[in-house]
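This report concerns only the one structure given below.
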C-alpha cells in the first residue's frame, strides 16, 4: 500500500513539474539582461553578469515619434518592433511594443502573434481592426477605431488593421505580452514559404485552380516588419 502511494505521489509530482516547465517562468531576480555574446542555447537568452549591466541595457533611441516610410511596402504599412533583440533588458520581462504606420488605404495584413496578446492604441487617424476566433466558429470581432481608442487582439488569433481613409495616414502603438512575440503573416506563410507548399495542397485547401495558386506563389511576399 505504501509503495502504491509513493508511486502515485511520484506521478503527480512529475505531472506538476512538467506543467511548470511547459510555460515561461517568471523573473527570479530584478532583471536578467540578455547576454547576446553567450553561445549557450536556452529558451530566451542567458543572463548577463549583473555587475556588467548599465542603464544602456534598458534604453533604445528608437525615435518612435518619427513617421516611418510606408511607400516601399506593398501593403502600405511599416511596423517598427522594439523587442528583446533591440533592448537586452527586456529579457524575461514578458513585454515589447511596436509603432505601426499606415499609408492611406494601407493595412497591416492578417497575421498572428504565436507568443503574445496585443493591445493597440490609435495615435492618429482611423483604423478598422478585427480578429477571427478559432475553428469551428471563425467568428470575426471588428471595430472602427479613432484617435485615442484601444483594442485587444488575443494571443494566437488571426487579426488585422486597415486604414480606411484614402487621403490621410494613421499611426498606432501596440504593446505585446512577450519579449519576442513573433509574427506569422498569413499570406506570406501560405504562399511565400520556403520551399513552397505544394500547389496541389493549396488548390484543394482554397478550392481554386492550381494556376491561381501558382500565380499567388509567384508574387513577392515582402515583410512589413523592421
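Backbone N, Cα and C atoms are what each Cβ position is placed from, and that goes for glycine too.
The feature signal peptide is assigned by TrEMBL to 1-22.
Cβ contacts within 10 Å of residue 32 (disulfide bond), excluding its own Cβ and spanning all protein chains shown: 21. Taken from TrEMBL, the feature disulfide bond covers 32-47.
Looking at the domain 'Cupin type-1' (70-214) alone, the prediction's average pLDDT is 97. Per TrEMBL, the feature domain 'Cupin type-1' maps to 70-214.
Cβ neighbours within 10 Å of residue 118 (oxalate binding site), excluding its own Cβ and spanning all shown chains: 23. Residues or ranges marked as oxalate binding site in TrEMBL: 108, 113, 118.
Using a 10 Å Cβ-Cβ cutoff, residue 111 (Mn(2+) binding site) registers 21 neighbours. Feature annotation from TrEMBL assigns Mn(2+) binding site to 111, 113, 118, 159.
Each residue in 112, 116, 131, 153, 157, 158, 181, 183 lies on the same chain as 111, 113, 118, 159 and has a C-beta within 8 Å of the C-beta centroid of that Mn(2+) site, without being one of the site residues. Counting Cβ atoms from all protein chains shown, residue 47 (disulfide bond) has 18 others lying within 10 Å of its own Cβ. Summarising the environment of residue 159 (Mn(2+) binding site), the number of other Cβ atoms within 10 Å of its Cβ, over all protein chains shown, is 23.
Cβ neighbour count for residue 108 (oxalate binding site) (all protein chains, 10 Å cutoff from its Cβ): 29. Compute the center of the Cβ atoms of 108, 113, 118, which mark the site for oxalate; besides them, the chain residues with Cβ within 8 Å of that center are 98, 111, 112, 116, 120, 153, 159, 174, 176, 181, 183.
The distance from the Cα of residue 47 (disulfide bond) to the Cα of residue 113 (oxalate binding site) comes to 25 Å.
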